[in-house]
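These notes are about the structure you will find just below.
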Amino acid sequence: MKLVCEGINLSEAVLKVVKACAGKTTVPVMECIKLSARNDSLTLTATDGEISIQKKIKAEIYEEGDICVPGRYFSDFIKKLEGEQITLSVEDKMMEITYADSQTAMQVLPADDFPKVDTDIDENSVVIATDELKKLITSTSFCCATDDSRPILKGCQIVISGDNICVTALDGFRLATANGKVVSSTAQNMEIICPARTLNEIEKMLPAGEGNTEIKLQRGLLLVCVDDTVLTSRLYNGDFIKKDNIIPKSFQTIVKVDRNLLKASIERAAILVRNDKNSLIIFDISSDKIEITSNSEIGNVQEPVKASAEGKDLKIAMNSKFIIDAINALNEEQVVLSFNNNVQPFICQNEGAKDSLYLILPVRTSNIA
């Protein structure tokens, strides 16, 4: 294999695909990026068995071929050559990287053992406005679990019914759900569970501005193509928790409050408890305010925030990070917090648009009677 390409193009491609390289593994080729030189382009592919990313760039191909390079080392090296024209040539088990007046040699592996990446996925197609897809992902994926105790919770449930799409995520302590519209769908009713990592990588791929994105689905696989970048991912199998069984239908205390004032006060209160296990803060809700307090070995915070409350007064403890994440995901000037008591979950929503909802479990503490 021998080719010439621009360093800036190669660096951008490598930085995109290296995210799919496996970490520590007993199969060395899974830590590699596969380089395929054909016609007038170089295709880079990486996979960890769950997610695969493929990127194509223009190159002058003098000798076609396929080879696997160590992903992290190659990525770290090539990003230092963005301003150079690069020649890659392979001889036996070594790849020579030539740039300016310099040369570097790097060991490579044969491409024969690299896993086949299936990009022939077209059984079902969902087309959605790119901005809508971005919003659905950023509004929910942060609530997915990050540990392996319940693997299915590391993914988002995506339900498509007619032209409606609903994305839900939860980690056992909080839940996020967001609704939107699709432009078209070949499947009228469909449910999948997509890894949060996959959705976050898709969100990074999506361009700014208007336009649509097509999601292809087949046999437990998902594919998204943006320009010359193709992402494929396995989907999770299993039964997702039914959110309708978790979200309360009625409430005893409903509070309307300025989003920015509430956020600023919580963030200040959270500073003194950021090293505590639950980053605990307390809301003391009365008819015209929320008294926000936090207490730790470092000190204590006590701040009143003007609010309008209906129903019973309430004192409730919560994880400050969870409530900050929920408020950050909302985008209206006024937000509504709805409670029942200090042990049942409460919800956060925009005052107007109800297309997204955040549910949080309170923290039980001896500080609250």
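Just so you know, glycine gets a Cβ as well, placed from its N, Cα and C.
Keep in mind that TrEMBL annotations are predicted by a computer and have not been checked by a curator.
Annotated features, as they stand in TrEMBL:
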type   : residues : note
DOMAIN : 1-117    : domain 'DNA polymerase III beta sliding clamp N-terminal'
DOMAIN : 128-240  : domain 'DNA polymerase III beta sliding clamp central'
DOMAIN : 245-364  : domain 'DNA polymerase III beta sliding clamp C-terminal'
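Mean pLDDT for the domain 'DNA polymerase III beta sliding clamp central' (128-240) in this predicted model: 95. Helix, strand and coil counts under DSSP for the domain 'DNA polymerase III beta sliding clamp N-terminal' (1-117) come to 32 helix, 57 strand, 28 coil.
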